[in-house]
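Accompanying notes for the structure given below.
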């Protein structure tokens, strides 16, 4: 019963999001950002790419492609499905939240309210802890491929994950370091893509790769509408995940948005620039999925290493936000401990996802995503109410 309620709510939330995006592009596309940031579009795109994605980008697809079959997935090409789950439409959520923090939040100052700060801090920590938990699950899968067997137990991987959280916290204290990590992550991701292509080229697979790209992209574009609403339960899981990330990604990227960028251009930058590399990456991984004998160990090592760097980058970005939030909630005497407190809360939340009772976990991303959708409805209702009040005030003055 509860699952059906969550599913219906997600359908409704997706409709609301796309209506809002359409409304913004029609009415506000020429409005320009007014920030004090001197970032160029490339730096902004790197920050967006690495904060909006995490280790799953590197490690999910190889495990997912074999399952994308049948009517449940509308008989679509696996690359088209992966693009639908990770590319283009997903970044629309991030665009909407970034727009909110650039243009709306400075006016209504909703996030200055203590209760909202507490809500947002808890939500952010829980979502990021979920991503760390995915690292545990995929480490278990990939260590067999990388090390040829089980080297680390689940408890050992959990300890490694706590270390990764600590590293993310340590690197979160400087915006300069955040920019450096983001650009380095993107650079290393490009190297990983090139390494993947080198293996294909050496095995005379370039023509097959081009066919995969062509089929995947056209399959996605022709069925774009299939991904605007939940396709099935697995797509629903992704949507819960993206909604959970949306608020914190929007708040983070809003800090680094270039000045004097129109809303229309911001939309194009956020939709297309992060999505284009994914086309090549997913196509390369699909090539190896159908030609597993050609997958070389060095590519797996690189994928896993860059995946961990992406995770650290995401954690650093999130700690950067959470530290500021916690500082504003604590008294001046103890706010110097905000970073340590956020780190401890992250570890506790991660434990909530990792500790299992039978087949159940104590926390689920479904809950977090649903809470974000409820917050979305609240903001929309608040904006409509403010608009009606301002309209009535103008009418009285006339």
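In case you wondered, yes, glycine gets a Cβ from its N, Cα and C as well.
What TrEMBL says about this protein:
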- 6-27: transmembrane segment (TRANSMEM)
- 39-63: transmembrane segment (TRANSMEM)
- 83-103: transmembrane segment (TRANSMEM)
- 115-140: transmembrane segment (TRANSMEM)
- 146-171: transmembrane segment (TRANSMEM)
- 178-200: transmembrane segment (TRANSMEM)
- 236-254: transmembrane segment (TRANSMEM)
- 266-288: transmembrane segment (TRANSMEM)
- 300-322: transmembrane segment (TRANSMEM)
- 334-355: transmembrane segment (TRANSMEM)
- 367-388: transmembrane segment (TRANSMEM)
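Contact between the transmembrane segment (83-103) and the transmembrane segment (115-140) does not hold: fewer than three of their C-beta pairs are under 8 Å, each pair 6 or more apart in sequence. The transmembrane segment (300-322) shares more Cβ pairs under 8 Å with 178-200 than with any other stretch in the list 178-200, 236-254, 367-388. Most Cβ pairs under 8 Å with the transmembrane segment (6-27) belong to 367-388, among the candidate stretches 39-63, 115-140, 178-200, 236-254, 367-388. The stretches the transmembrane segment (115-140) and the transmembrane segment (236-254) meet in space: the count of Cβ pairs below 8 angstroms, excluding pairs fewer than 6 apart in sequence, reaches at least three. Within the chain, the transmembrane segment (39-63) has long-range Cβ neighbours (under 8 A, six or more residues past its boundaries) at 82, 86, 91, 94, 131, 134-135, 138, 141-142, 178-179, 181-183, 185-186, 189, 192, 245, 249, 252-253, 256-258, 261, 269-270, 273-274, 277-278, 281-282, 285-286, 288-289, 303-304, 306-308, 310-311, 313-314, 317. Non-local neighbours of the transmembrane segment (178-200) in the same chain are 43, 46-47, 49-51, 58, 171-172, 206, 208-209, 256, 277, 280-281, 284-285, 287-288, 294-296, 298-299, 302-303, 305-306, 309-310, 312-313, 316-317, 320; each lies 6+ residues outside the stretch with a CB under 8 Å from one of its CB atoms.
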